Amino acid sequence: MSNRIFQRGDPIGHAFADPDLLAQALRHRSAGTPHNERLEFLGDGIVNLLVAEALYQRWPKADEGALTRARAELVREGALAVIGRTLNLGERLTLGPGELKSGGHRRDSILADAVEAIVAAIYLDCGFERCRAVVLPWFEASLAALPVGKAEKDPKTRLQEWLQARQLPLPNYALISESGDEHAKQFHVACILEQPVARAEGQGTSRRLAEQQAATLVIAQLDSRM
């Protein structure tokens, strides 16, 4: 994969003063040292703090349980992998030959780890305030699609309940493609609504995860129209 430096205008939203931090954040353990595992450790804590702070401020009446469930939904592996794809991290990862051959640049776990490592790299490059300003927009669509009191429900369930409450047709989930070896499958699914008209596509290491991602994006579309 190409390990080109992010420039202004890239989806990440930050130009690195220290490009070595970016290079390390994008280097998987399979490619040798220095790899991104220590940055991943630091980034995990920063992501949890940023998301927890955002939820605390946006949901002033939510109890601890609702906040905890919401944070878990937003920082889970699949959700972070969606962000990684949005940032085009897969094409920029440095992977060892084995991971390259097995499609590691598409794997949710590797993409999620890379997102956490990038967050840590931004923090070390420019400090917490700038890190918050860059990273929180990555979560905006997911935050908007996660109503208070329904954080324990998955996106497909929330979408179905939203449609049923309005006596509208249920969504259709269509498999667009299935690729990869048995141990590294990648599913591409579309979520299609007849009324109101909406469509979004999701990807994941299982059909269920791909459908959940697509449903999340459809919910974000519906919220933006209100």
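Glycine too: its Cβ is placed from the backbone N, Cα and C atoms.
As written in Swiss-Prot, here are the features:
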DOMAIN    5-127  domain 'RNase III'
BINDING   GLU40, ASP113, GLU116  Mg(2+) binding site
ACT_SITE  ASP44  active site
ACT_SITE  GLU116  active site
DOMAIN    154-224  domain 'DRBM'
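The separation of ASP44 (active site) from ASP113 (Mg(2+) binding site), Cα to Cα, is 8 Å.
Most buried of the binding-site residues GLU40, GLU116, judged by other Cβ atoms within 10 Å, is GLU116. Across the recorded positions listed here (ASP44, ASP113), the residue whose Cβ sits among the most other Cβ atoms within 10 Å is ASP113. The Mg(2+) site, placed at the center of the C-beta atoms of GLU40, ASP113, GLU116, has further neighbours from the same chain whose C-beta lies within 8 angstroms: ASN36, GLU37, LEU39, PHE41, GLY43, ASP44, ALA112, ALA114, VAL115, ALA117, ALA120. DSSP assignment over the domain 'RNase III' (5-127) gives 84 helix, 2 strand, 37 coil.
Comparing GLU116 (Mg(2+) binding site) with ASP44 (active site), their Cα atoms are 5 Å apart once rounded.
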